[in-house]
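Now, the feature entries from TrEMBL:
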| type | residues | note |
| --- | --- | --- |
| DOMAIN | 77-502 | domain 'Major facilitator superfamily (MFS) profile' |
| REGION | 16-36 | region 'Disordered' |
| TRANSMEM | 75-96 | transmembrane segment |
| TRANSMEM | 116-138 | transmembrane segment |
| TRANSMEM | 145-163 | transmembrane segment |
| TRANSMEM | 228-249 | transmembrane segment |
| TRANSMEM | 313-339 | transmembrane segment |
| TRANSMEM | 351-370 | transmembrane segment |
| TRANSMEM | 377-399 | transmembrane segment |
| TRANSMEM | 411-435 | transmembrane segment |
| TRANSMEM | 447-474 | transmembrane segment |
| TRANSMEM | 480-498 | transmembrane segment |
Amino acid sequence: MHHIFESKTNGISDYDDHVASSFRRPSDEDEIPKNIYSEKSPLVDKKVPKSITIAQQIAAESIETQIKTQKRNQYLAALIATIGGFIMGTTLGWTAPAGPMMENGQYGFQITVENVSWIASVMPLGAMLGCPVMASLVNKLGRKHLMIMLTIPTLFGWAMIIWAKSVVWICAGRFLTGFSSGSYSVIVPLYTSEIAEKEIRGTLGTYFQLQVNAGILFTYVVGSYLNVFGLSVACAIVPVIYICLMFLIPESPIFYLMKKNVEKAQLSLKYFRKPVVHVNQELNTMQSALAKTERERVPIMEAFQTTPAKRGLCLGLGVMVFQQFTGCNAVIFYATTIFNATGSSIGSNTSTIIIGIMAVVSTYVSTLVVDKLGRKILLLYSVVAMGICTFLIGGFFYAKESHYDISSIGFIPLMSLCIFIILFSIGFGPIPWMLMGEIFPAQIKGIASSVVCMSNWLFVFLVTKFFTLMVSAIYLYNTFWLFTLFGVLGTFFVVFFVPETKGKTMEEIQELLGADHITLLTENQNDA
């Protein structure tokens, strides 16, 4: 392995020695004319000879060109791959505009409110099935191939929804699109975390939730202009575009290394790292981490007993619990109902579009600041704000149920929901998905990610299916105050259990979670 890169490495080393000599600080042994640098000497004489200045300038420009990595291809690949999140967003958001249309008989057969509830809830059940299936395939077939293959059940699902003959057809279609959505929630964050440099891994990791929110907004906007047939067709077009774009980007270099295909791994990494002067070093680091994993490979149940695995699993499950049980999907799925209950003069379609726009814009802001401010601080601000907002919404509905005069505080639900969406989209919306790609050891990453995703979709199902039942049993205000309680618990969880992973390599994160230090492969190990 060492001989493959030997010639390039020697050339880089010679270049670095030359540049280093150009920037060497003067030592005591160097003869520096005192008349040039004396305090009493004329100002015009206080300069380095022109030839040295030009040499230093050329060297500085050259070093900046060589070291500054061009990250354009990483951003492009992440944007394309995370269209899988957009597909997931269209599946999630479809029921909001389609529900009233179905109840109004646009399908030509009767669909009751209870039918609509199950149509909405069957989607996360399909997603739960997709997670373990992907865990068994992601390291065999690859990330890119699976993302392409998943468009098949997606298109089949939308076809069943478009030409449905009964409620069963719609539920079956929702189950298939849910299966694909759950699968994308495992594969896409994994892919983006493996192609990204540590300086922008957080930014690329938040693209998934950005695309999810964009997909939800797409359904809100299209659903306000088209009927249920047109809305479904528009959603079905997205996977077709996705197939075409996925052929423009390469497979993850980590997957190629797992398959012992170093040549393709090098080509893949060269696509993502331009200029390519540091590719060999980074490839060596990846090989070292994978070699350590292979040396320490144990039966899968035993692998889950290691300290990093247990801490990573608890962290992943914890952030997903608080992502769902602080009320996010209740707001998304039942935004129209909440706005109507407040007596707001804003139309229901307009209000949901407003929420969708704020979610997209706020998640975009998160992509800009997550690698500057860090994951932990954004999660903390997010969960505190969400707790306060659900408390205020609960208080409003309590006052309304108690027949207090609420004319002067009618703005509270709208304002609170807006702040909730903004802070959720900056913190607890995108960051849990991003963390999932960072925190697990390589041996269990596929299975652990699927466990966390499957749990998340179980929580989605519980919230979306039983939200209305909880409202009937304990009233709307107590339901929102229950979300507030989870916000308080989530605050303690973030403060005491969530580590900061900003600016750390995947190997450093594992060490942070309790793994042993990773030693780079020596030349002899590479040759072997």
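The backbone N, Cα and C atoms fix where each Cβ goes, and this holds for glycine too.
Keep in mind that what you see is a predicted model, and the values were worked out from it rather than measured.
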(request) Restricting attention to the domain 'Major facilitator superfamily (MFS) profile' (77-502), give the mean pLDDT. (result) 86
(message) Can the transmembrane segment (377-399) be said to touch the transmembrane segment (480-498) if we require at least 3 CB pairs below 8 Å and skip pairs under 6 apart in sequence?
(response) yes
(request) Count the CB pairs under 8 A between the transmembrane segment (116-138) and each of 145-163, 411-435, 480-498, then give me the winner. (result) 145-163
(request) Could you pull out which residues elsewhere in the chain have a CB under 8 Å from any CB of the transmembrane segment (228-249), counting only those six or more residues past its ends? (result) 76-77, 80-81, 83-84, 86-87, 90-91, 94, 97-98, 101-102, 106-107, 144, 147-148, 151, 154-155, 158-159, 161-162, 215, 218-219, 222, 271
(message) Using a Cβ cut-off under 8 Å, which residues of the same chain at least 6 positions beyond either end of the transmembrane segment (75-96) come close to it?
(response) 116, 119-120, 123, 147, 150, 154, 174, 177-178, 180-181, 184-185, 187-188, 191-192, 195-196, 200, 204, 207-220, 223, 231-232, 235, 238-239, 241-242, 245-246, 248-250, 271-272, 332-333, 335-336, 352, 356
